[in-house]
Amino acid sequence: MVFLSGNASDSSNCTHPPAPVNISKAILLGVILGGLILFGVLGNILVILSVACHRHLHSVTHYYIVNLAVADLLLTSTVLPFSAIFEILGYWAFGRVFCNIWAAVDVLCCTASIISLCVISIDRYIGVSYPLRYPTIVTQRRGLRALLCVWAFSLVISVGPLFGWRQPAPDDETICQINEEPGYVLFSALGSFYVPLTIILAMYCRVYVVAKRESRGLKSGLKTDKSDSEQVTLRIHRKNAPAGGSGVASAKNKTHFSVRLLKFSREKKAAKTLGIVVGCFVLCWLPFFLVMPIGSFFPDFKPPETVFKIVFWLGYLNSCINPIIYPCSSQEFKKAFQNVLKIQCLRRKQSSKHALGYTLHAPSQALEGQHKDMVRIPVGSGETFYKISKTDGVCEWKFFSSMPRGSARITVPKDQSACTTARVRSKSFLQVCCCVGPSTPNPGENHQVPTIKIHTISLSENGEEV
């Protein structure tokens, strides 16, 4: 993916002295391209550190994002500096051998970045279509295998020219040109862009269809599970159920639906974020992969060198803007970025995986009216957590201290309005753990664990109902 320098296409077998460098142009290009490279390097390092330093981001999906950032980091740190020097000087100053190696690394990193987006799109399709089965389908071992396949496939695409699959090299070593051998151009364009693009678009079209269908069900206030014929309302009602098997089965079904609802909402938000990444990828790389085959197969229609340079650097730009997309479209990454940069927010830091609010109806008031005396537990920074365990349709809320020395129980006032904090510690389809406690908990006290019968739960994420 290296463009021609000067009039190399017309005199590739002749050696010319390098043209004098325009100082003002060199300074301007140096500032612009140097700033772009520095931004790309620091941004991708920030993405990697954000995932590495936050345990709640240690998931297979985020490992795929880290792999994308690694490919972009390698491109911006090892390829783009030489591309910038090439552009500023107007000729290649590093010899023929390094030109070939540099071009191969360029193709390797660009292909790995694109294939990583392809893997991410497949991951999002599985996450949105099968939110409860996702942890068993996408395991860490399978994720690692996928990452190895990404780099193996990228290596296969990139090493062809090193073994002679290219047009004859010019005698002038100040010329480092793109490999225009038609067979390799077709092979690399299909493998590096068009096949991954087809998969990406197919996956996101499917994600859009599934998300639209699920969202339509949520907006109507009803949710039907594929494995059951009964419809369950969005707001899950829990009442004292008989000890018989039917009551237990009903409670299990409702718990299943509520967790599925929550997981689907989170997967849909992740798909939106990565959908923006894919959209920017298409806008950045499509012009290059249109221009390159045209110039190779139809030399008479080869675009001017200036046009080729623009679309070439537009493709490079994609590796620099991904770190902007994450914090702008994902609150999760925004908070992680802020923590890494040690930016003090107006709100207290939350170590939760995802903020979750609960609206509760106390048993004594639930029958008097749906909204009367409804207790809202907003998101906060309490230092206690509860685990929800269910027996016969009744949820037990057990309050513990999360102090380092152990888990001491604390007092929860009978007046539930005094409870002012709630946040999620961890979530899986087996349990939900949250931070809940009074405004000024006293971890030193040890009292009987209270049990609260929940008649209605309304789940919300970041202030939005799910």
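Backbone N, Cα and C atoms are what each Cβ position is placed from, and that goes for glycine too.
Annotation comment: Swiss-Prot describes 1-25 (among others) as topological domain 'Extracellular', evidence class similarity to another entry.
Residues or ranges marked as N-linked glycosylation site in Swiss-Prot: Asn7 (among others).
Residues or ranges marked as N-linked glycosylation site by Swiss-Prot on the basis of sequence analysis: Asn13 (among others).
What Swiss-Prot records for Asn22 (among others) is N-linked glycosylation site. All chains included, 12 other C-beta atoms sit within 10 angstroms of the C-beta of Asn22 (N-linked glycosylation site).
The feature transmembrane segment is assigned by Swiss-Prot to 26-51 (among others).
The feature topological domain 'Cytoplasmic' is assigned by Swiss-Prot to 52-63 (among others), with similarity to another entry given as support.
Summarising the annotation, Swiss-Prot assigns transmembrane segment to 64-89 (among others) and lists similarity to another entry as the type of evidence.
The annotation topological domain 'Extracellular' is assigned in Swiss-Prot to 90-99 (among others) on the grounds of similarity to another entry.
Here Swiss-Prot flags 100-122 (among others) as transmembrane segment.
Feature annotation from Swiss-Prot assigns topological domain 'Cytoplasmic' to 123-143 (among others).
Annotated transmembrane segment per Swiss-Prot: 144-168 (among others), in sequence order.
Shown for the topological domain 'Extracellular' (169-181): DSSP residue counts in helix, strand and coil, namely 0 helix, 0 strand, 13 coil. Among the features that Swiss-Prot reports, topological domain 'Extracellular' is placed at 169-181 (among others), with the record citing similarity to another entry.
According to Swiss-Prot, the feature transmembrane segment maps to 182-205 (among others).
Here Swiss-Prot flags 206-272 (among others) as topological domain 'Cytoplasmic'.
Per Swiss-Prot, the feature transmembrane segment maps to 273-297 (among others).
Beyond the topological domain 'Extracellular' (298-304), the same-chain residues lying 6 or more positions past its ends with a Cβ under 8 Å from any Cβ of the stretch are 291. The topological domain 'Extracellular' annotation in Swiss-Prot covers 298-304 (among others) and is backed by similarity to another entry.
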Subject >> Folded-back contacts onto the transmembrane segment (26-51), same chain, C-beta under 8 angstroms, at least six residues removed >> reply: 57-58, 62-63, 65-66, 69-70, 72-73, 75-77, 80-81, 83-84, 87-89, 316-317, 319-320, 322-324, 326, 333, 336-337, 339-341
**OP:** Pop the mean pLDDT for the topological domain 'Cytoplasmic' (206-272) in here, whole number is fine.
**Re:** 53
Subject >> Considering the transmembrane segment (182-205), which listed stretch of 100-122, 144-168, 305-329 counts the most C-beta pairs under 8 Å >> reply: 100-122
